[in-house]
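Here the structure comes first, spelled out in structure tokens, and everything after it is commentary.
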Amino acid sequence: MSGPILVFDSGIGGLSVMNEIRKQLPLHDYCYLFDNARLPYGNLSEQELITGCVALITHHARRLNASIVVVACNTASTLVLPLLRQQLTIPIVGVVPAIKPAAMLSKKKHIGLLATPGTVKRDYTQALINQFAGNCKVELFGTSDLVLLAEQYVAQQQIDMDKLNEILAPIAASNIDVLVLGCTHFPMIATEISHYLGEGVTLLDSGEAVAKRVRFLLSKESNSNKQLQACYTKDIGQGLKAALVDYGFSDFSLVTITD
């Protein structure tokens with residue numbers, strides 16, 4: 001397996017996961033593929049999400065001769081992993097909300113999950129809660145607006161602090177002591193979230209666990225030229241492109257399923 005690590009998301013949230021993978025595997029080539037034309041995924045029907053994601057990921061994984069696919073999107077991971085594994089022979093890794101470590105960490109046994117509406121309502125999410133947090137009270141907070149705020153933040157745009165406060169106010173009032181960031185966009189604005197919620201709430205995400213899994217599946221480090229390629233399904237603005245350059249990207253492509 002010699003091709004790049006293909007990291008996929010609806011937008012820039014998957015960069016939070018890719019950053020963790022690069023800490024574990026710094027010498028690999030990476031392609032970051034994001035389907036920003038259909039952002040946010042939490043508002044799509046299940047069939048729209050499945051059809052589009054599977055077609056886009058499988059096509060570009062084959063085109064790139066990817067060594068592994070990381071679906072760095074919680075909403076997509078709840079739906080598309082089995083179909084991807086049927087169509088591709090390379091390893092497929094998804095992200096799972098950090099319910100288990102949150103339940104273990106919580107002293108109050110009162111935790112929260114902040115995710116997209118799609119992730120919050122999935123049977124898969126409830127199964128995780130039943131399996132790993134049966135001894136906890138679990139509060140569910142669904143939002144797509146926070147995805148868009150994270151996109152604006154990374155693109156170096158002014159974010160609507162009133163909207164951010166509106167989203168976080170019910171969480172602050174809930175008396176939880178651990179909050180699971182169940183969307184890969186949310187770690188991008190973890191500092192702002194933590195500032196609002198205060199020191200009494202610990203934030204957890206799945207990035208490090210995913211990175212360890214990828215490292216395990218890729219048995220040896222690559223000796224590549226460490227190229228970072230960004231592919232997107234809708235043109236991006238100069239602010240976001242500048243942010244991606246700061247992340248180390250040097251190759252940019254507007255793509256479709258058939259490119």
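Each Cβ is built from the backbone N, Cα and C atoms, and glycine gets one as well.
Pulled from Swiss-Prot, these are the features on record:
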- Asp9, Ser10, Tyr41, Gly42, Asn74, Thr75, Thr184, His185: substrate binding site (BINDING)
- Cys73: active site, proton donor/acceptor (ACT_SITE)
- Cys183: active site, proton donor/acceptor (ACT_SITE)
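Feature map: annotations from Swiss-Prot on the structure.
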residue: Asp9; record: substrate binding site; contacts (Cβ under 8 Å, 6+ apart): Leu15, Val17, Tyr32, Leu33, Phe34, Asp35, Val71, Ala72, Cys73, Ala76, Thr184
residue: Ser10; record: substrate binding site; contacts (Cβ under 8 Å, 6+ apart): Phe34, Asp35, Asn36, Arg38, Leu39, Pro40, Tyr41, Cys73, Thr75, Ala76, Val147
residue: Gly42; record: substrate binding site; contacts (Cβ under 8 Å, 6+ apart): Thr75, Thr116, Pro117, Gly118, Thr119, Gly142, Ser144, Val147, Cys183
residue: Asn74; record: substrate binding site; contacts (Cβ under 8 Å, 6+ apart): Val95, Val96, Pro97, Ala115, Thr116, Thr119, Gly182, Cys183, Thr184, Ser206
residue: His185; record: substrate binding site; contacts (Cβ under 8 Å, 6+ apart): Gly11, Ile12, Gly13, Ser16, Leu146, Val147, Ala150, Glu151
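Taking the mean position of the Cβ atoms of Asp9, Ser10, Tyr41, Gly42, Asn74, Thr75, Thr184, His185 as the substrate site, the remaining same-chain residues with a Cβ inside 8 Å of that point are Gly11, Gly13, Gly14, Pro40, Cys73, Ala76, Thr116, Thr119, Val147, Cys183. For Cys73 (active site, proton donor/acceptor), the number of other Cβ atoms no farther than 10 Å from its own Cβ, over all displayed protein chains, is 32. Cβ contacts within 10 Å of Cys183 (active site, proton donor/acceptor), excluding its own Cβ and spanning all protein chains shown: 34. According to DSSP, Asp9 (substrate binding site) sits within a strand segment. Of all residue pairs in the substrate-binding list (Asp9, Ser10, Tyr41, Gly42, Asn74, Thr75, Thr184, His185), the one with the greatest Cα separation is 12 Å apart. When other Cβ atoms within 10 Å of the Cβ of Tyr41 (substrate binding site) are tallied across all protein chains shown, the result is 26. All chains included, 31 other C-beta atoms sit within 10 angstroms of the C-beta of Thr75 (substrate binding site). The Cβ of Thr184 (substrate binding site) has 32 other Cβ atoms within 10 Å, all protein chains considered.
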